[in-house]
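Below is one structure, written out as structure tokens; the observations come after it.
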2 protein chains.
Amino acid sequence: MPQFLNTQDADFETQFTALLGAKREDSPDVDAVVAEIIADVRARGDAAVLELTAQFDRLELTPETLRFSEAEIDAFCAEVSDEERAALELAAERIRAYHSRQMPSDDSWADANGATLGWRWSPVSAAGLYVPGGLASYPSSVLMNAIPAKVAGVERLAIVVPTPDGIANPLVLLAARLAGVDEIYRIGGAQAVAALAYGTDTIAPVDKITGPGNAFVAAAKRRVFGKVGIDMIAGPSEILVIADKDNNPDWIALDLLSQAEHDESAQSILITDDNGFGKAVAQAVEKRLETLERRAIAGASWRDFGAVITVDDLDQAAALSNRIAPEHLELCVADPDALSDKITHAGAIFLGQFTPEAIGDYVGGPNHVLPTARSARFSSGLSVMDFLKRTTLSKMTLESLRAIGPAAATLAKSESLEAHGLSVLARLEALNQK
Amino acid sequence: MPQFLNTQDADFETQFTALLGAKREDSPDVDAVVAEIIADVRARGDAAVLELTAQFDRLELTPETLRFSEAEIDAFCAEVSDEERAALELAAERIRAYHSRQMPSDDSWADANGATLGWRWSPVSAAGLYVPGGLASYPSSVLMNAIPAKVAGVERLAIVVPTPDGIANPLVLLAARLAGVDEIYRIGGAQAVAALAYGTDTIAPVDKITGPGNAFVAAAKRRVFGKVGIDMIAGPSEILVIADKDNNPDWIALDLLSQAEHDESAQSILITDDNGFGKAVAQAVEKRLETLERRAIAGASWRDFGAVITVDDLDQAAALSNRIAPEHLELCVADPDALSDKITHAGAIFLGQFTPEAIGDYVGGPNHVLPTARSARFSSGLSVMDFLKRTTLSKMTLESLRAIGPAAATLAKSESLEAHGLSVLARLEALNQK
């Protein structure tokens, strides 16, 4: 059974704080191993990548077979059923449409003194996307990472995906093709991250690496950060559902379980203003857990980290939600828009009872790579912005340099940076002599 | 003397690659010490902060005197000269005007099936800004960090600034006041970063920490990342000037020196299409180095990391610049706008000979916190975006769930996530029975 909390309880604050602070993940310390792997790939390039792939994935490759050929990709794509292809195409189309609207605008204007100011956005030249192999090899994540990169205008997009024992997921390859990925390499682990960051004879280096991975991949991303850009290091998934009593308990139970089934460290929380409804949902969860395919995982997550919180009213629900800063937030209430206006920190909000979070995982359009572990307090989900950077632009005229140059020289002097000041003053002197 | 390179030289590529890869900074490994300090502050809060401040800053404080009082700030602000105050006010006004234009828009629209999609931006609730003490205590950096936070709508903005031996910089306090900072604490080092991230009895925790600092501060920011957001970890400053022969060599020399005087690890590079002009600039640098206040620092930087590169034409200059991806780029050429269009990676561009980079450090308007060490390939300068986060919004109707729900269920099945599929199918079944 999950925890049951009630804001009426005397020790609610203590319990809620404990829930907020619950440590859900013990990452193994693989940093030393990863450092060695990265150093090896930097030193020996392809040779190291091939040896490590043979060792970890039991797969013998050559520089020529590191990359999937177009013919191989064709063959894998042909294995995908029409139904699955149509679903992936619908998802790709909706994700592309949503992310296209995120493209920011350049700007340029003249100030009162005639100086031109502005900025310009430009895409990262080359990006690499890590796609896990095996069970957690999700074609939906390929779309969610690759499409924003291509919408942003990334010219070269490479995927690395391990194929343990040579087994590839045809849906992952089709998703990559639909998203417009340029290169697909059948490698994984820290060695793949190192190859993307530093390059080998076969794999050109990229400027940014995104995508989920295990502890080795996460440690490798942290280590190459600075040499290349990385996206967030995602923790286990979370959902918070705020639901009033006018909901079907089974629907809400399934929404909670759709996070819980990801991972034993996932967390599903229900906040309701009706104690009886909370109990009904908990019962519905238990019933579904009797038959759910991934009941071992989902059951452990729900038992260890699940919670049902009863509040006095929805304002209290919003306040608690803002302290949780959930990755996913469902608002299954009569007026979800009004409640949404009170939410200050959340990765993604799903409004109304006809918007199960799973829609957002696949076909809604918004990204499913979202800030976990309360980081929605200060960060956002993946977007086209992750594949763009902004260059600021300034162009002074004679008049504007005369108008604001002296202030710059004054501040430079205050900061004891003489050359800064002289670079302005030398120009002003020469101009004043004209 | 700096390095002289010429694209006509047979070994140019080797020399240029070496220049690109030059390691300019040896950060001392202070991670173990920093880990101890953070653990101490987490465990003992104010008591640890006070002890460490006594130890490192030779300053005895109490919980009551950790924070500058309004009366103290008033007294320090009164020490600032009218000229300096006016310069700071002009800078603040221009920085505020520029960053106000950066505020991104919310969006919301209905798709073809009637689903409502969109996103909403919201500010980080509380941010902390690290301001170094001593020589590198720059009031301009206070403005550059604090104003974007306040423009973004950050409700609570706290500054930590060490005051070794009790000595404070009045301009830093005035800059904080002009920027609308809410709290100023006279502490620094890793202990100040830990206090901001985890909170103490006196200092409430923040959600995001920005601002420059020494190796201890940088290591502490890396360690608290995840618990809070951080900005980039800045490396030593760099400038690239692309200049044709129709420039005053002394002006260009001063621009190069205004980076070099920051730090012995700073880097100043000139690219010119006129070999003679390059030599003239190098001579002008030597002449200025005879008298410059910070000639020891600037001279070392110019000697160890400076370079003058002669190219055949400006297209070649743009191509090399894009490989360097400079933090600051000056375009002192006849048509700077045309050359700017060829630049794909740069933190900030200063167009034309009347826009010395020092203008951008103080009063131009754009931010002076910019990506160093070639990271302009994948990242941007500080902006209001660093203090905002985006929540995505989805609201399905019955019709839209019917239209796209089955595809979500198909993909969930492909990914073996049964509860994901059931959360959609259960709703569709119930609706179909209606």
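Every residue gets a Cβ built from N, Cα and C, even glycine.
Note: TrEMBL annotation is automatic and uncurated.
Fair warning: this is a prediction, and the values are worked out from it, not measured in the lab.
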Among B:His328, B:His345, which residue does TrEMBL annotate as binding substrate at the site that also has B:Ser237, B:Gln259, B:His262, B:Asp361, B:Glu415, B:His420?
B:His328
Considering only the binding-site residues B:Tyr130, B:Gln259, B:Glu415, which residue has the minimal Cα-Cα separation from B:Glu327 (active site, proton acceptor)?
B:Gln259
Checking interface proximity: list the binding-site residues among B:Asn214, B:Asp361, B:His420 whose CB sits under 8 Å from a chain A CB, in sequence order.
B:Asp361, B:His420
For B:Ser237 (substrate binding site), find which of the recorded positions B:Tyr130, B:Gln191, B:Asn214, B:His328 come within 10 Å, Cα to Cα.
B:His328
Same-chain residues six or more away whose CB lies under 8 A from the CB of B:Tyr130 (NAD(+) binding site)?
B:Ile159, B:Val160, B:Val161, B:Gly188, B:Ala192, B:Val193, B:Leu196, B:Ile209, B:Thr210, B:Gly211, B:Pro212, B:Gly213, B:Val217, B:Lys221
Determine the most Cβ-crowded residue among the binding-site residues B:Gln191, B:Asn214, B:Ser237, B:Gln259, using a 10 Å radius around each Cβ and all protein chains in the structure.
B:Gln259
What is the number of other Cβ atoms found within 10 Å of the Cβ of B:His262 (substrate binding site)?
23
Minimum Cβ neighbour count within 10 Å among the recorded positions B:Glu327, B:Asp361, B:Glu415: which residue?
B:Glu415
Fewest other Cβ atoms within 10 Å: which of the recorded positions B:His328, B:His420 wins that one? Let me know.
B:His328
